[in-house]
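What Swiss-Prot annotates here:
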type	residues	note
TOPO_DOM	1-60	topological domain 'Cytoplasmic'
REGION	1-27	region 'Disordered'
COMPBIAS	1-11	compositional bias 'Polar residues'
TRANSMEM	61-81	transmembrane segment
TOPO_DOM	82-87	topological domain 'Extracellular'
TRANSMEM	88-108	transmembrane segment
TOPO_DOM	109-138	topological domain 'Cytoplasmic'
TRANSMEM	139-159	transmembrane segment
TOPO_DOM	160-230	topological domain 'Extracellular'
CARBOHYD	ASN192	N-linked glycosylation site
CARBOHYD	ASN197	N-linked glycosylation site
TRANSMEM	231-251	transmembrane segment
TOPO_DOM	252-269	topological domain 'Cytoplasmic'
TRANSMEM	270-290	transmembrane segment
TOPO_DOM	291-304	topological domain 'Extracellular'
TRANSMEM	305-325	transmembrane segment
TRANSMEM	342-362	transmembrane segment
TOPO_DOM	363-394	topological domain 'Extracellular'
TRANSMEM	395-415	transmembrane segment
TOPO_DOM	416-444	topological domain 'Cytoplasmic'
TRANSMEM	445-465	transmembrane segment
TOPO_DOM	466-479	topological domain 'Extracellular'
TRANSMEM	480-500	transmembrane segment
TOPO_DOM	501-520	topological domain 'Cytoplasmic'
TRANSMEM	521-541	transmembrane segment
TOPO_DOM	542-560	topological domain 'Extracellular'
CARBOHYD	ASN548	N-linked glycosylation site
TRANSMEM	561-581	transmembrane segment
TOPO_DOM	582-635	topological domain 'Cytoplasmic'
MOD_RES	THR617	phosphothreonine
MOD_RES	THR620	phosphothreonine
MOD_RES	SER623	phosphoserine
Amino acid sequence: MANKSTENGIYSVSGEEKKGPLIAPGPDGAPAKGDGPAALGAPGSLLAVPPRETWTRQMDFIMSCVGFAVGLGNVWRFPYLCYKNGGGVFLIPYILIALIGGIPIFFLEISLGQFMKAGSINVWNICPLFKGLGYASMVIVFYCNTYYIMVLAWGFYYLVKSFTTTLPWATCGHTWNTPDCVEIFRHEDCANATMANLTCDQLADRRSPVIEFWENKVLRLSEGLEVPGALNWEVTLCLLTCWVLVYFCVWKGVKSTGKIVYFTATFPYVVLVVLLVRGVLLPGALDGIIYYLKPDWSKLASPQVWIDAGTQIFFSYAIGLGALTALGSYNRFNNNCYKDAIILALINSGTSFFAGFVVFSILGFMATEQGVHISKVAESGPGLAFIAYPRAVTLMPVAPLWAALFFFMLLLLGLDSQFVGVEGFITGLLDLLPASYYFRFQREISVALCCTICFVIDLSMVTDGGMYVFQLFDYYSASGTTLLWQAFWECVVVAWVYGADRFMDDVACMIGYRPCPWMKWCWSFFTPLVCMGIFIFNVVYHEPLVYNNTYVYPWWGEAVGWAFALSSMLCVPLHLLGCLLRAKGTMAERWQHLTQPIWGLHHLEYRAQDSDVRGLTTLTPVSESSKVVVVESVM
């Protein structure tokens, strides 16, 4: 433990035993980065510590969280899961798991960031032995930043192609079309077919121009992962444009990001309302909405329904990525993060439910026009965005207008999720750097390097075999399995190692009152049990990755996928094991020492109630003349 002395009510710690970004000085005597100006080091020494940014207005934080958490999954995944898993019945497990798992962890991550004033890694100074959770979240969000932007690139490509009198995916006869291309078909035309359970496309071996545009023009799909092929330069330019947009949204920090999200987070709602009004006026729209909500009570007995509800909650709430922690770290210390978390969770789930009406009104129209059951046109993920919906708009009057509106909404939904994800990664990265490494334009250069590295990796996804690479990232790197693992350990560490009551007191110190005891019980029991239960089910019933129900990935492709997943999941046990092995003393002494919190400089405003700084459990406001500097000792 560090040597401590007290002078005029201020604790000081010997410089050679201090480390990390929350205190100063570094090995060369230069100040380390912190959260506010302070006097540190030997008595009488003054070290300037750069202040941490805060949101200009609290609404900036709200809109940033809405922009990040409300994304493509709310629009293209939730409606399909609701339809597939019993319609309105799916809302029962969805709401239950949101109350038991989603909202408590959502609140936990935001409040942790606000209390510790640190990004995804240094926030775990609250229990340094489990700092591997921070490294794991950095790995996951890096993967997300890498592959998620591909959806933006495809959406931008479709948006550009929408500015024509005739949509290119509406007709055959293009260079990318095959002789099997057919523009319009109806199920009644197959009345004489011998296999009534097949569609016209399947019976006649015909292909829609929408599918051929997607596979032959946009993806230029090769035979498999082992055949990468050449770059698609049109999509590559769209990808580059998206990364440039992300860079200029993030490069100046949260003060500029907080302004941009006012547009990127709100305008998609305007488009959703416009699309809903248009959709409900189309023939067959009511049938689609009925199928979306029609309850099938037998589905409640299916474990898969509960698994789908759980994975959707954790994915759509953006839990385990560290970005919510980073956003919360820019709040004022006394911001009511409890109220914010409840509001944001309601907005997130409400958007998912509302988007279902938009999607299924269009799918109902599409099924009516083609004379097929809605199950034949209902899709999720990229299949909905780039096949089902583009096909539906070709059947509407003024098709280019509705296509442009949809893909512009898609671009905005993905853009704010993307640049807030990059913001979370950069925040965690810069928090690690001591002030001795500080230089002008540090943030701008760091963001540029991050965007460039991700862009180079993304080039593997704009080749002919790029879709297979994208699917690997999507299925393994930031899957429900990795997020559930992350959420489980977050709850265990805060509730059982740091202490649930202790953290409730810390939250009360920030917001002025203790949150509902339900939060404490969820962190301690219900949420970890739900997370581990769904995690085990996912692992036991894991199915090998298959693309489009036809292409089975080779064994080495599966191995790469599992490497993605394990690269984040192993951060927690490996870091824990490494710290315990390096520490000295008995195992009990090592555990006790390594689980003691490391307090940051922003706690200057608060006093430890007992004389041992390392034993801080409750913080209370004090006057300017009686502050305590709480710092870390060497691990």
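Residue numbers in this text run from 1 along the chain shown.
Cβ coordinates come from backbone N, Cα and C, glycine included.
Remember, it's a predicted structure, so these values are computed and weren't measured experimentally.
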For the transmembrane segment (561-581), what are the same-chain contacts with Cβ under 8 Å, counting residues 6+ beyond its ends? 128-133, 135-137, 139-140, 143, 472-473, 475-477, 479, 481-482, 485-486, 489, 545, 553, 587, 590-591, 594, 635
Take a look at 61-81, 231-251, 305-325, 342-362, 521-541 and tell me which one has the most Cβ pairs under 8 Å to the transmembrane segment (395-415). 61-81
Where else in the chain does the topological domain 'Extracellular' (363-394) make close Cβ contacts, counting only residues six or more beyond its ends and a cut-off under 8 Å? 72, 76-77, 79-81, 83-84, 151, 154-155, 158, 167, 169-170, 185-188, 199, 208, 210-211, 213-214, 218, 279, 282-291, 402-403, 406, 410
Per Cβ pairs under 8 Å, the stretch of 61-81, 88-108, 231-251, 342-362, 521-541 packing most closely against the transmembrane segment (305-325): 88-108
With the transmembrane segment (480-500) as the reference, find which of 61-81, 88-108, 139-159, 231-251, 342-362 contributes the most Cβ pairs under 8 Å. 88-108
Other than its close neighbours in sequence, what residues sit by the topological domain 'Extracellular' (466-479), given a CB gap under 8 Å and a spacing of at least six beyond its ends? 140-141, 143-144, 146-147, 150, 219, 221-222, 224-225, 228, 232, 321, 460, 545, 547, 551, 553, 557, 560-562, 564-565, 568
Mark yes when the transmembrane segment (61-81) and the transmembrane segment (342-362) have three or more Cβ pairs under 8 Å (sequence separation 6 or more) and no when they do not. yes
What residues in the same chain, six or more past the boundaries of the topological domain 'Cytoplasmic' (252-269), come closer than 8 Å to it by Cβ-Cβ distance? 53-57, 60-61, 63-64, 66-67, 70, 327, 330, 351, 409, 412-413, 415-416, 419-420, 423, 443-444
Please report, as numbers and ranges, the same-chain residues at least 6 past the borders of the transmembrane segment (139-159) whose CB is under 8 Å from any CB of it. 72, 120, 218, 234-235, 238-239, 241-243, 246, 320-323, 382, 385-386, 390, 403-404, 407-408, 410-411, 414-415, 417-418, 421-422, 424-425, 450, 454, 457-458, 461-462, 466, 470, 473-474, 477-478, 482-483, 486, 564, 567-568, 571
Which residue counts does DSSP yield for the topological domain 'Extracellular' (363-394) in the helix, strand and coil classes, in that order? 23 helix, 0 strand, 9 coil
Using Cβ atoms and a strict cutoff of less than 8 Å, what residues sit near the topological domain 'Extracellular' (291-304) while being 6 or more residues removed from its termini? 79, 82-83, 85-90, 92-93, 356-357, 359-360, 364, 374, 378, 537
